[in-house]
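Enquirer: Among the features that Swiss-Prot reports, active site, nucleophile is placed at 335. Annotation source Swiss-Prot lists active site, proton acceptor at 818. Sequence annotations record features per position, and here Swiss-Prot assigns Zn(2+) binding site to 199, 202, 219, 232 based on sequence analysis. For 209, 221, 222, 223, 224, 259, 261, 264, the entry in Swiss-Prot reads substrate binding site. Among the features that Swiss-Prot reports, SUMO cross-link is placed at 113, with the record citing experimental evidence. Sequence annotations record features per position, and here Swiss-Prot assigns domain 'UBA 2' to 722-762. Residues or ranges marked as N-acetylalanine in Swiss-Prot: 2. Here Swiss-Prot flags 149, 156, 779, 783, 785 as phosphoserine. Per Swiss-Prot, phosphothreonine is recorded for 292, 623. For 73-98, the entry in Swiss-Prot reads region 'Disordered'. Annotation comment: Swiss-Prot describes 175-283 as zinc finger, evidence class sequence analysis.
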């Protein structure tokens, strides 16, 4: 490179900007690749736009924008000089002390074992004229000051990726207890010794809790595996109502573990020193002698059997490197994202759409490619498939490998993709753990929005569902079709093969709890896959069905079949459900999924000879005997508590009152409960509850339900507001006509997500309207030429499949735990566990959560 002259620097001086507080500085990662300052060519940061580019792409930005001056940042890593453990020569590995990722004391998945030598230069394109950061001394003061200010501001500014991380996930963020400042403490308490404690009701000498009201020392709860305590502390609370207890052995001058039985959570007690002194305990003199609850939970998570099996822990696995074997760094509970995109980019359609067309996508990228969906997805796909980032982690720039990291690769960190895909979303924009199935559907939706009328890789998953409803009173039927992307497979626990073992386990567990002894070894239910498939296809009774043949309520049965079979069948095992108390829980179940799958028997047949269709008559919107002014519930006029001006019209819908009452009693807002029942079509409490759980974070969650053509509070009809053009375009890109898109949006108060649901559930009505258009004087040719065929494009073929990939979840809830995926590549199973990519020795196919089957083509 030639040396930068004063004249050259003066020529670009007007384009050099000093970043301000609101500017996004992309100094960690290239906008088009995963090159970083540690890459061989370093990173070039535009000193005008503050976008970062690798050596391969910096000229692309120069040619597109004309920006010539860049800050070239290059870092070389070297091992940190640390104290070594005695006799081993290895640095001591820090043990996590917090149930968190990415915060001090938490799980550090990218532990910083290195220090960096940094080389900073100013470079002017296209000739790559350069001057070192410390070589500005000979320039005129005004030039030197301007350039130095810009350079220092760039180097000291928080990077865009850091700003986008709203917060690192912390599973032990604790709130101040409501009892902390007014806790009642009994007079004349016993003095508590500084050590030698024992439960006052049994012989336990660990996991002991001091009640801060009366000074009782009692053992803690029993854990699911039988360890822990004998529940004496919680039993004492039930008897006395004394709410706060501190765990003995965790008290230090910095604090202690405090639990509130009333609030059922770990809490903070700002008055802890005062509360302890009441019993003669000097907090400043105490030392830690027992594990904190966080440490115990971390230990439990790391040794629980499900985690061991799914991650294939304890088995030496061969690391894999090269194209298609690139790991993804965990950005703080982003394993759900990592698992989903690894599977998607193992599918040829996604490779063709984004990776094969990489150059075209990059050429058409806007000035700021970090905000372009197609660019960031193409960048992600190339990063995973190119092999450029799938190499063993290196110790330094000389290429020496790190011995203790030989099974780990640097991989890629998709920060820009995560920020863009989660932008504006109440959940995916955070660093909290998420449901992989929900993220899969969110990503599918984003692909739909951005593909418009171009090639759409989502077609590999899309299929039509045929639903048949049969009125039992008249034997007449109605067929409808809807689009779906996932087959949700129920788990019939009553079909478990080891019922006797399960009953025996439950009895032993009950006896152990009564006798306060360790619990027996866990027994996992073994449910045949065939039983799950039978449950999916089994008829479902529909009570209070409005029969258009009877013009009255009747009982019907609904059966679900496939109207088409997709190229790739996605099966979600419905492991996550709600208990009788509506608390989310995960079924601990083993289902031996078949390698070869044939679901041909689930293909729908459509209207059969001899079947008579139900009349296509819209049901009345209120029952004939319903009092005027009611909400349209199946109820009576005594339900005054449910009255609302928004539902006083005689055109109010019929809503199942019992379901609404159930949801309201669980603490959800009345208006949200009404919407849940309305948008799920009175299909029962479970469907309404699922709607509530998936829409809780919507900005309008608790807003009143405004029906199509009705007026909201203080507003005109929803139809008066024209649907947003971008929403119309999105629906049109999915294969519907503009008129259909407008109608769907108006019917759902201009909500894009609900409009898509609405249009899929009204395909038959849209077909009828299209036919009516023709019968009213429009020729078939005119109709075809002026509108797009109804419904999105689906592929169809035989219903025979082969298992291709599966995503597994470890933990008790989708809101916590960890995800990994297994993918079959080149005839072998491969496990993708964030950055670690290895050949799988024993893929746990019976414990998966989401399965991906590929059609077998004969």
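Cβ atoms are placed via backbone N, Cα and C, with glycine included.
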Enquirer: Report, as a single number, how many Cβ atoms besides its own are within 10 Å of the Cβ of residue 149 (phosphoserine).
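Expert: Looking across every protein chain shown, the total is 12.
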Enquirer: Please determine which of the modified residues listed here (156, 292) has the lowest count of neighbouring CB atoms within 10 Å.
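Expert: Checked 156, 292; of these modified residues, fewest Cβ neighbours within 10 Å: 156.
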Enquirer: Could you check which of these recorded positions, 149, 264, 818, sit within 10 Å of residue 335 (active site, nucleophile), going Cα to Cα?
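Expert: Candidates kept after distance check: 818.
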Enquirer: List the same-chain residues at least 6 positions away in sequence whose Cβ sits under 8 Å from the Cβ of residue 232 (Zn(2+) binding site), in sequence order, or say none.
Expert: 199, 200, 201, 202, 218, 219
Enquirer: Drop a 10 Å sphere on every Cβ of the binding-site residues 259, 261 and tell me which sphere holds the fewest other Cβ atoms.
Expert: 261
Enquirer: Sorry to bug you, but what's the C-alpha spacing from residue 221 (substrate binding site) to residue 156 (phosphoserine), rounded to the closest Å?
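Expert: About 49 Å separates the two Cα atoms.
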Enquirer: How many Å separate the Cα atoms of residue 222 (substrate binding site) and residue 149 (phosphoserine)?
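Expert: Between the alpha carbons of residue 222 (substrate binding site) and residue 149 (phosphoserine) there are 61 Å.
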Enquirer: Neighbour count first, Cβ atoms within 10 Å, every protein chain included; then name which of 199, 335 tops the list of recorded positions.
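Expert: When each Cβ's neighbours within 10 Å are tallied, 335 tops the list.
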Enquirer: So among 221, 292, 818, all listed as recorded positions, which is physically nearest to residue 149 (phosphoserine)? Use the C-alpha atoms.
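Expert: Nearest in space to residue 149 (phosphoserine), counting only the recorded positions, is 818.
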Enquirer: What are the sequence-distant neighbours of residue 221 (substrate binding site), meaning same chain, six or more residues apart, C-beta distance under 8 angstroms?
Expert: 228, 229, 231, 233, 234
Enquirer: Given residue 261 (substrate binding site) and residue 292 (phosphothreonine), what distance in Å do their CA atoms have, once rounded to a whole number?
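Expert: For residue 261 (substrate binding site) versus residue 292 (phosphothreonine), the Cα atoms are 17 Å apart.
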Enquirer: Which whole-number value in Å describes the distance between the Cα atoms of residue 264 (substrate binding site) and residue 292 (phosphothreonine)?
Expert: 17
Enquirer: Once 199, 202, 219, 232 are set aside, which residues in the chain still have Cβ within 8 Å of the Cβ centroid of the Zn(2+) site?
Expert: 200, 201, 203, 204, 208, 218, 229, 230, 233
Enquirer: Report, in whole Å, the straight Cα-to-Cα distance of residue 292 (phosphothreonine) from residue 209 (substrate binding site).
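Expert: If we compare the Cα positions of residue 209 (substrate binding site) and residue 292 (phosphothreonine), the gap is 12 Å.
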Enquirer: Around the C-beta of residue 202 (Zn(2+) binding site), how many further C-beta atoms are within 10 angstroms, looking at every protein chain?
Expert: 13
Enquirer: Within 10 Å of each Cβ, count the other Cβ atoms, then let me know which of the binding-site residues 209, 222 comes out lowest.
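Expert: Comparing Cβ neighbour counts within 10 Å for the binding-site residues 209, 222 gives 222.
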